[in-house]
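Undergrad: Sharing a structure with you now.
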Amino acid sequence: MEENGEINNIMRNGSITRKGSSSFRLGVVSGRKKDHTVVELGSIDTQRLLQTANNNGGREKQQSIFTNSLSLRQMKAVTALCDTIIPSVNEFAGGSDESVSKFYKTSASMAGTPDRVGAVICEGLKHPNTWLLKLVLWLLSTWFGTIILCGMACFSTQFPFLHNYPDLPLHKRQEIMHSWSSSCFRHLRMLFKTVKVLTLLVFFTQIDESEENPSWEAIGYCGPDPEFKTQLKNHFLEGRSNGGQEEKDVDAEEVIGPLYKGLVHLNYPRDITADALRQFGFSVSVTRKKTKTAASLSSPSLVIQCDAVVIGSGSGGGVVAGVLAKAGYKVLVLEKGGYSARNNLSLLEGPTMNQMYLSSGLIATDDMGVFILAGSTVGGGSAINWSACIKTPDHVRKEWCESNELELFESELYKEAMDTVCEKMGVQDGIEDEGFNNAVLRKGCQEMGYPVSNIPRNSPPDHYCGWCCMGCKDGRKKGTSETWLVDLVKSGNGAILPGCEAIKVLHKTKKGSDRKIAHGVAFEYEFKGTKDICVVESKVTIVACGALRTPPLLKRSGLKNPNIGRNLHLHPVTMAWGYFPDEPASEVWPEAQKKSFEGGIMTAMSPVVAEFEKSGYGAVIQTPALHPGMFSIVMPWVSGTDIKDRMRKFSRTAHIFALARDKGSGTVSSPSCISYQMEDTDEENLKKGIDKVLRILATAGAEEIGTHHKNGRTLKVKEVSCHEFEKFVKEESSRPLTGLSIPLCSAHQMGSCRMGSNPKESVVNQAGETWEMEGLYLADSSVFPSALGVNPMITVQAIAYCTAQSVLAALKRKRSR
């Protein structure tokens with residue numbers, strides 16, 4: 001019993017052990033093992049805490065261990081494809097630098113990339129066409145398949161006259177790659193894009209036992225934030241855990257984060273989990289099974305009772321959970337992702353994508369037209385976003401109020417909500433030092449006479465961090481895990497269950513009515529390699545899974561509203577780049593020490609083509625976070641030598657993008673089946689944006705500029721005439737953005753369960769409650785009536801705050817009965 005009591009404390013305080021694995025992970029070395037000590041945080045030993053994985057019981061699951069099960073034939077094709085994208089190059093202009101020489105001479109197979117790519121294909125990709133990719137890999141290892149996919153390029157004048165793809169010389173394989181990239185058959189273009197993306201992403205994010213990548217030194221990349229490791233080292237050397245309990249709690253919070261006392265992990269036996277939940281004040285019953293049958297909806301392992309269950313902990317769910325718990329209601333938060341404690345962040349691109357991004361960051365529309373990034377961790381998108389905190393624009397609020405008949409958006413409540421969430425996150429627009437990309441954007445705009453302004457952020461003026469897309473190392477970026485969820489924990493009225501996925505909203509039929517009433521949710525989690533099912537019984541249910549996950553959950557729950565999953569908007573993004581040499585140092589701007597991956601990710605914005613004062617449907621111009629993996633997949637691939645030349649310029653290549661407020665829309669049929677179609681006006685707005693971006697880069701002093709079009713065309717700005725420059729800008733900014741010739745990206749998904757004034761056109765009313773089911777509320781970006789046009793975090797939180805007031809009123813009514 002004493003041992004069980006200690007485990008209870010461990011579960012509540014958020015400590016776990018993590019096992020090693022011999023399987024491959026995206027960006028993670030195989031065969032790596034770390035030993036972690038389980039620590040009771042009531043008596044913290046910071047030296048032991050340094051070794052403790054204080055992230056979550058679900059992180060091991062979230063890292064998604066990928067096992068390669070491709071056949072030998074398929075792997076032969078994968079190896080040939082990877083070595084076509086990244087071959088060994090013996091002739092290059094790299095000087096005598098040993099790291100550069102090694103970089104050029106290292107092929108994908110020499111780095112072990114094909115095995116990792118094979119593992120990702122087997123278990124990491126959830127795209128509906130993954131089966132077709134596996135078939136193509138097999139076909140490429142056969143003579144007839146090679147003829148079908150490669151045409152005459154597989155023939156030669158020498159015996160055996162006909163070659164399988166893996167047996168062709170490099171120059172032939174590269175010719176075939178080019179033919180695929182511009183083929184009239186879309187599936188061949190999709191094949192090229194998939195092979196390129198997987199190979200480059202894995203190659204530039206994979207790490208060895210020392211958490212290093214052999215290419216990083218050559219491209220000028222330092223890996224994880226150097227200040228982060230120094231910060232942890234200094235903290236533990238100070239040995240500040242010798243004081244009283246209050247000081248120990250502060251010490252733990254500073255290193256781990258403020259949520260550790262509110263986490264209940266599910267990687268323990270059900271009795272222990274139940275006891276931990278009871279300590280939070282929840283009523284829990286445990287199902288006793290006489291046989292070893294699996295848990296089911298009719299016979300769940302645990303039944304938990306609470307006032308409100310919130311599914312999702314991001315900018316929507318986190319706000320609702322904090323408001324309700326602070327008001328005195330018992331709130332349980334279910335989070336599909338894991339909890340990444342501050343001291344257990346890797347700030348490594350590959351591992352972070354596995355741990356904190358939905359589907360390991362490997363999401364695309366069904367036609368591969370748009371890459372999609374979404375958060376899947378405690379804190380949701382607010383844990384990995386780029387800090388931008390822009391209030392809902394006036395023209396958008398007016399449109400939603402008048403065109404969509406939603407008075408909420410011009411009400412005093414909504415204005416109060418925006419002010420409240422901004423105050424909560426410490427939003428401010430000061431900047432002490434501007435990072436490389438934003439400095440380029442600001443200077444170019446000022447030189448061109450374009451409007452440019454500071455972007456308000458939920459971080460302080462001196463927050464010079466380019467790794468915020470991988471989690472916040474010190475809590476200075478105030479996402480929900482540093483604000484609203486802290487309210488939940490400190491109230492003593494709530495708990496967070498990471499590593500579990502809601503499978504169905506439970507409901508019953510209202511007496512005397514056809515309308516259903518929500519009364520909780522069933523969720524599943526993995527325990528000792530098997531799925532277990534639990535039920536939460538609640539007075540109200542709040543779904544906040546995001547625009548990609550909320551629609552499938554509602555459909556699985558039996559909701560029939562035809563608007564569920566429709567009207568998806570993505571804020572499509574396209575980029576251009578400019579190279580700023582770092583030599584000679586006396587003539588360098590921005591300063592030679594500034595690198596493209598450092599500094600605040602978003603501090604400057606231009607609305608030069610946003611049309612805020614007209615239709616409201618234009619494009620804003622901002623800067624992205626691009627570490628080597630993401631940088632490599634958006635850059636054009638022309639040849640193995642060319643992509644390595646481009647990567648050598650990585651640290652001094654600025655990127656600026658245009659983001660469209662899209663009229664086009666798509667559908668979410670399932671978590672892995674997403675369709676999307678831009679309208680012509682969206683494409684024209686993005687083209688106008690790229691025209692401005694190219695001018696901004698050139699005017700700011702870029703030596704070389706280009707877009708991401710597959711032909712890889714570039715322009716040496718200082719070596720051409722004005723006429724040649726204008727011709728280049730006109731041609732590059734007028735290229736079609738569809739057809740997979742240029743990568744489009746999305747970090748904002750919205751509108752798939754939109755709010756409206758009637759059930760024929762919407763899924764929820766302006767109180768956030770579904771038309772179809774009483775007591776079921778939605779509180780995420782899926783409820784946006786249309787595309788927003790700017791970064792959505794403030795709008796999501798403001799709507800969620802208003803929805804929380806509606807839920808509070810409903811709970812008060814239920815309590816008074």
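Placed from the backbone N, Cα and C atoms, the Cβ positions cover glycine too.
Please treat TrEMBL annotations as automatic predictions, because they have not gone through curation.
Remember, it's a predicted structure, so these values are computed and weren't measured experimentally.
From TrEMBL, for reference:
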- 135-159: transmembrane segment (TRANSMEM)
- 306-321: FAD binding site (BINDING)
- 353-573: domain 'Glucose-methanol-choline oxidoreductase N-terminal' (DOMAIN)
- 675-800: domain 'Glucose-methanol-choline oxidoreductase C-terminal' (DOMAIN)
- H748: active site, proton acceptor (ACT_SITE)
Undergrad: Taking only the Cα atoms, work out how far G314 (FAD binding site) lies from the residue listed as 'active site, proton acceptor', in Å, as a whole number.
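TA: Approximately 13 Å lies between the Cα of G314 (FAD binding site) and that of the residue listed as 'active site, proton acceptor'.
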Undergrad: Does anything in the same chain, at least 6 positions from G316 (FAD binding site), have a Cβ under 8 Å from its Cβ, and if so what?
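TA: Looking at Cβ-Cβ distances below 8 Å from G316 (FAD binding site), excluding near sequence neighbours, one finds G380, A544, A779, D780, S781, V796, Q797, I799, A800.
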Undergrad: On the DSSP side of things, how many residues of the domain 'Glucose-methanol-choline oxidoreductase C-terminal' (675-800) fall into helix, strand and coil, could you say?
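TA: For that range the per-state counts are 46 helix, 23 strand, 57 coil.
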Undergrad: Cα distance, the residue listed as 'active site, proton acceptor' to G312 (FAD binding site), nearest Å?
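TA: Distance between the two Cα atoms comes out at 16 Å.
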Undergrad: Indicate the candidate from G312, G314 with the smallest number of other Cβ atoms within 10 Å of its Cβ, considering only these binding-site residues.
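TA: With the binding-site residues G312, G314, fewest surrounding Cβ atoms within 10 Å: G312.
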Undergrad: Hey, how far is C306 (FAD binding site) from H748 (active site, proton acceptor), Cα to Cα, in Å?
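TA: Their Cα atoms are separated by 32 Å.
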Undergrad: Are there any residues in the same chain, six or more apart in sequence, whose C-beta is under 8 angstroms from the C-beta of V320 (FAD binding site), and if so which?
TA: A308, V310, I542, A544, Y777, A779, A800, T803, A804, V807
Undergrad: If you count Cβ atoms within 10 Å of the Cβ of G318 (FAD binding site), leaving out that atom itself, what do you get?
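TA: Taking every protein chain into account, the count is 35.
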Undergrad: Could you state the CA-to-CA distance between the residue listed as 'active site, proton acceptor' and G318 (FAD binding site) to the nearest Å?
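TA: With distance taken Cα to Cα, G318 (FAD binding site) is 18 Å from the residue listed as 'active site, proton acceptor'.
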Undergrad: At a 10 Å cut-off from the C-beta of H748 (active site, proton acceptor), count the other C-beta atoms across all protein chains.
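TA: Cβ-Cβ neighbours of H748 (active site, proton acceptor) within 10 Å number 27.
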Undergrad: Return the residue, from the listed binding-site residues C306, A308, V310, with the maximum count of other C-beta atoms within 10 angstroms of its C-beta.
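TA: Counting Cβ neighbours within 10 Å, the top one is V310.
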